[in-house]
Amino acid sequence: MEPNPIFSEFQLEFFKRIKMQPKSIETLNDVSEVMSGCAQIFSFENLDVVANTTEPLNREVIIQQLVNNKQGGLCYKINSVFYYFIKSFGFNIYQVRCCVENQETHDCWQINGAHIINIIEYENKKYLADVAFGCNLSYEPIPFSEEIIESCTGLYRIRKVDNIIRDIKYTYLLEFKKPDSFSPESARLWTNGYAFDPLVKAIDIDENDKIDSHATQIQQLIIDDPTKEFSVKPLATKVVNNESIATLTSNSFTLTNCKTGEKTKVTFDINNEIKQLEQFNQHLISIFNLPPLKFLPKI
């Protein structure tokens, strides 16, 4: 890749958004720096879905929302804006859709194809670059070699698998775990994240940027999901100061130490709707730098 000292408006705005000095993105170390910036800036949140303010998505809309309007989003927005940015520097990067294991019960798989990731081909090797798997973030590309990548949020690896999900041909599995200092002990065991096939590319992104069908399709899958996991209950989560994970729900705010698992929790007054909304918005603004909600949905 040739050095590119002249940056596009989008590139400059993206650098500004993730608080990174403009530079030519040429190596995996450069990509890691971008991933680190994304992890610390973009909130993984579903507030537009909950508030029923979603719109059809394309490159222009996603950039407007996440870069210019300083919003967060779910995987189909955050991973897509990262994809646009890295691709603009000439990287061989493409997207793949995955199936996520239920991260609460770990006893079932969720909607097939409802998570989207980035695959980078660099020096004849493939790497996974996911900046939007909740706060399970590697901060650097993960090689397809079972090499363990460690970040402040945990340890990550990719394993080749067969028949991980019945009747669906997936060939690789992302696994993660917490460090040995983390409590509870069960979190220190390797856990399934999601299954995918790196050869099945999400290639039908409209070249004229009229519609990014994969982002729009996944958004609709989330809205139509009968379990309503991401469509009814407001959620915002992000890494704070590379040491804690902040999680905001309609009922509480929790700060979890990445190394120990120690939690500090603030419970909202659910018996007083006005006060509950005030408490929610206070944290939404101060921790996540997101605009306040007008109401909290009744669940």
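Here the Cβ of each residue, glycine as well, is placed from N, Cα and C on the backbone.
The feature active site, acyl-thioester intermediate is assigned by Swiss-Prot to CYS75. If you take the C-beta of CYS75 (active site, acyl-thioester intermediate) and look for same-chain residues 6 or more apart in sequence within under 8 angstroms, you find PHE44, HIS115, ILE116, ILE117, ASP130, ALA132, PHE133, ILE218.
In the three-state DSSP scheme, HIS115 (active site) falls into the strand class. The Cβ neighbour count for HIS115 (active site), using a 10 Å radius over every protein chain in view, is 26. Under the heading active site, Swiss-Prot lists HIS115 (among others).
Cβ neighbours within 10 Å of ASP130 (active site), excluding its own Cβ and spanning all shown chains: 25. Residues annotated as active site in Swiss-Prot, with similarity to another entry given as evidence: ASP130 (among others).
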